[in-house]
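Listed features, source TrEMBL:
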DOMAIN    34-204  domain 'HpcH/HpaI aldolase/citrate lyase'
BINDING   Arg101, Glu166  substrate binding site
BINDING   Glu166, Asp193  Mg(2+) binding site
REGION    207-227  region 'Disordered'
Amino acid sequence: MPSPAGRSAKDFFRPLAVGAPEPLREIPARPSRAIHFFDPSNPKMAAKVPQLTGTVDVLLGNLEDAVRADNKVAARESLVQIASSTSGLGGPDGSAQLWTRINSLDSPWVLDDLTRLIPAIGDKLDVVMVPKVQGAEDIAYVDRLLAQLEAKAGLDRPILVHAILETARGVANVEEICGASPRMQGLSLGPADLAADRRMKTTRVGGGHPGYLVRQDPTTTSDGVLGQERPTYQQDLWHYTIARMVDACAMHGIYPYYGPFGDISDPLACEDQFRNAFLLGCVGAWSLHPSQIEIANRVFSPSVEDIRHARRVVAALNRQGGDGTGAVMLDGKMEDDASLKQCLVLVELAEQLAAVDPKLKEIYDAIELTDE
Ligand SMILES: CC(=O)SCCNC(=O)CCNC(=O)[C@H](O)C(C)(C)COP(=O)(O)OP(=O)(O)OC[C@H]1O[C@@H](n2cnc3c(N)ncnc32)[C@H](O)[C@@H]1OP(=O)(O)O
Ligand SMILES: O=CC(=O)O
Ligand SMILES: [Mg+2]
């Protein structure tokens, strides 16, 4: 059966242009807790890139929304300059990955974004983020164009594609978007554009809303008097979409991310939003301001308590049967193959992060198990 992007299974992993690199069979799990956005046309932000390179998993040169229309060319040119001159940025050995967010596919800038960036810095660019993706056809367009440009530039490694989920049609097509190309690296939730496209009545960039709540039912006392207290509980506007995104990504072996949290002055609510996404399966979130990098790095790294518990579960199941199967009691709770698999997700993530973050490695290495 043809894939949504029109390719049969036998052709799925064939390069889309003669001389283009072979597509990857599996998307590598490179740490990407914070995708830090900067506007390359803003001299102050551009100047901060070298010092951010050792502190953040991904630096993303943003060319789309938040870059003024009259700065689009300057942003693109400055990104070329930054990528060429910043050591440790981008490529398979970079200490920070280099991503870019190109302009939307219907904009007057996107063709020049790709035809300028790929020949100039294609060897440094790890991922191209595509905004406002509507369906597999958008990915197919970028896929073919990237293959042609990679072939022309003689690149030996495919540039990956990340789509922003920020239109109602995109959400309806989320599974086919994830499976549209072997280049698909992941998806980010774009709550601001998605809210506008859905005609939601919010005015924020991500996060909750005090009006979106449930109220406790009225209570009556034993003599029938209506109680005064009716607590309310704010609900998560993004739960449904994040859950759909996580399932679609997991099904296709690619990575889901929460996107922007616009209230820079509210680090606590930002942390909550990021943690909800982490718990639901996301691997990272966007950082719009340097202060959000630390929040994402912390929230998207498993805690010491989680890793201690996960290792104890692994050890307890191994102690019992040697092969990790069966069931054991630990702290009054039943643990078996299914909880073991959850624990292994955390243990593997900790190993991946420790490999790039020496401080975290020290912390995880120092965890002692007291059961043996
Ligand atoms: C819905 C969406 O599409 S979200 C994605 C698109 N939006 C973005 O990318 C926004 C990126 N961030 C920004 O534009 C800015 O952070 C703003 C406008 C939110 C706030 O900027 P400022 O008012 O300058 O913040 P603030 O004064 O706290 O900045 C402190 C310093 O950090 C710098 N800085 C701020 N944001 C960033 C950033 N993202 N990257 C690098 N440096 C930054 C500032 O230039 C300033 O530098 P200075 O100390 O040399 O003066
Ligand atoms: O691009 C991000 C968004 O929220 O819109
Ligand atoms: Mg957007």
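Each Cβ is built from the backbone N, Cα and C atoms, and glycine gets one as well.
A map of TrEMBL features onto the structure.
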residue	record	DSSP (3 states)
Arg101	substrate binding site	strand
Glu166	substrate binding site	coil
Asp193	Mg(2+) binding site	helix
Neighbouring C-beta atoms (10 Å sphere around the C-beta of Asp193 (Mg(2+) binding site)): 19
Rounded to the nearest Å - Cα separation of Glu166 (substrate binding site) and Asp193 (Mg(2+) binding site): 5
Asp193 (Mg(2+) binding site) to Arg101 (substrate binding site) - Cα separation in whole Å: 15
For Arg101 (substrate binding site): intrachain residues, at least 6 apart, with Cβ closer than 8 Å: Phe37, Leu60, Gly61, Asn62, Leu63, Glu64, Met129, Val130, Pro131, Ile164
Cβ atoms near Glu166 (substrate binding site) (within 10 Å, other residues, all chains): 27
Within the region 'Disordered' (207-227), residues counted as helix, strand or coil by DSSP: 0 helix, 5 strand, 16 coil
